[in-house]
Amino acid sequence: MSQHRPAGTPGRAGGVPALPDLPEATVARLPEYLRALHNLAETGDDTVSSEELATAAGVNSAKLRKDLSQLGSYGTRGVGYDVALLIDQIEFVLGLTQRRAVALVGVGNLGHALAGYAGFASRGFRIAALFDADPAQVGEEINGLVVQHIDDLPRVAAEESIAIGVIATPATAAQSVADQLVAAGVTSILNFAPCVLAVPDGVDVRKVDLAIELQILSFHEHRKSALTGLPAGAVASGPAASGAGTALTAPATGLTALPGGLAATGTTEATPAGPLRPSNAEAIGS
Ligand SMILES: NC(=O)c1ccc[n+]([C@@H]2O[C@H](COP(=O)([O-])OP(=O)(O)OC[C@H]3O[C@@H](n4cnc5c(N)ncnc54)[C@H](O)[C@@H]3O)[C@@H](O)[C@H]2O)c1
C-alpha cells in the first residue's frame, strides 16, 4: 500500500531529508501515536484507520489526520495508514532512528527509579552515565552502570557522546548542574527539579513536574464539585442556552462567577463540528 510522501516532507530517500517545522503540540502527540502504532504492530496489524489510531492514542481523529498530514502521511482512502511505514516516518521525524545517550545527574530517590527503568531502551534512549555529587552515592552500581562523580561529567560526556541530560537533583543544585551539562556540550535537558532553568539559546529544556499535573487534576476536581453544587438547570445550560459569561453562583465552593461553558465538564478535546464525511476520513489533503 502506498502512503505517499510529497516532495519536501520527511523521508530518507533522495539525499538530505527535509524535516517539517512542527507545532510543539503536534510534536507532543507524535510519541503517543508511536506508542499506539507499536502496540498495533505487536498484535500483527498492518494497517489502521485514523479513527482506530486516534482512539488508541487518546486524541481526536481530525487532529490526528492533521498532525500526520504535516508529516506528509495521508493514509489510503478506505484502507487507512500503513502501520510499519507510519512508525518509520514518526521515528524519523522524532530523530529516533539513532539511539541517543542520556546522562542522569542526581541519583537519589527519583534518580534510582529512573536509572533502574528498563523502558527507556525500548523507546530509543540509552542511559549512558549516572552522576552524583555525594561521595556516598559515587561507586554504586545501578542496572550495570556505576555512579560517577559530577566532576567527571565533561570527560564522560565527550566519551559517551551524551545528547540529553536528565536533572534529578534538588532544585537548589539544578541550575549549577544545568550549567555543567551545557558546558559539557549537552544541548537538551529534561529537568525534574521544581525550578526554572536559565540556559543559552540553542539549549532545549523540558520540565516534568508530577505535582503540577496533580494540581491541574485538583482544579478539575474543584470544578466538578463546584458544578454539582449548582442548581440542576444551571448545569444543563451551555453557552447557547445561557449566553457565554452568564454569572452563576456555586455556594459550595465560593465560586461566584461561572461562565455557562463550565457545564461542559471533562478534559477531553472537543470533537470537530459536524460529522466527518467518509470521503475525508482517510485522505484529507491528498
Ligand atoms: N518531577 C517530578 O514529578 C518529581 C517527582 C519527585 C521528585 N522530584 C524532584 O526531583 C529531585 C530529586 O528528588 P529526590 O527525592 O530523588 O531527591 P534526593 O535528595 O533523594 O536525591 C537528590 C540527589 O541529587 C544529588 N545531588 C545534589 N546536588 C548535586 C549536584 N550538584 N550534582 C550532582 N548530584 C547532586 C544528591 O546527592 C542526591 O543523591 C528534587 O528536585 C525533587 O523535587 C520531581
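Cβ coordinates come from backbone N, Cα and C, glycine included.
Annotations in TrEMBL come from automatic prediction, not curation.
Under DSSP, residues within the DNA-binding region (32-71) fall into helix, strand and coil as 28 helix, 2 strand, 10 coil. The DNA-binding region feature in TrEMBL is assigned to 32-71.
Residues within less than 8 Å, Cβ to Cβ, of GLY106 (NAD(+) binding site) and separated from it by at least 6 positions along the same chain comprise PHE131, ASP132, ILE167, ALA168, THR169, PRO170, ALA173, VAL177, ALA193. Secondary structure at GLY106 (NAD(+) binding site), taken from DSSP and collapsed to helix, strand or coil, is coil. Under the heading NAD(+) binding site, TrEMBL lists GLY106, VAL107, GLY108, ASN109, LEU110, GLY111.
What TrEMBL records for 259-276 is compositional bias 'Low complexity'.
The feature domain 'CoA-binding' is assigned by TrEMBL to 95-196.
Summarising the annotation, TrEMBL assigns region 'Disordered' to 1-20 (among others).
Per TrEMBL, region 'Disordered' is recorded for 259-286 (among others).
For the DNA-binding region (32-71), the model's average pLDDT works out to 94. A sphere of 10 angstroms centred on the C-beta of ASN109 (NAD(+) binding site) encloses 9 other C-beta atoms. For the binding-site residues given as GLY108, GLY111, the lowest number of other CB atoms within 10 Å of the residue's CB is seen at GLY108. The NAD(+) site, placed at the center of the C-beta atoms of GLY106, VAL107, GLY108, ASN109, LEU110, GLY111, has further neighbours from the same chain whose C-beta lies within 8 angstroms: HIS112, ALA113, LEU114, ASP132, ALA168, THR169. In sequence order, ALA168, PHE192 make up the list of same-chain residues 6 or more apart from LEU110 (NAD(+) binding site) whose Cβ falls under 8 Å from its Cβ.
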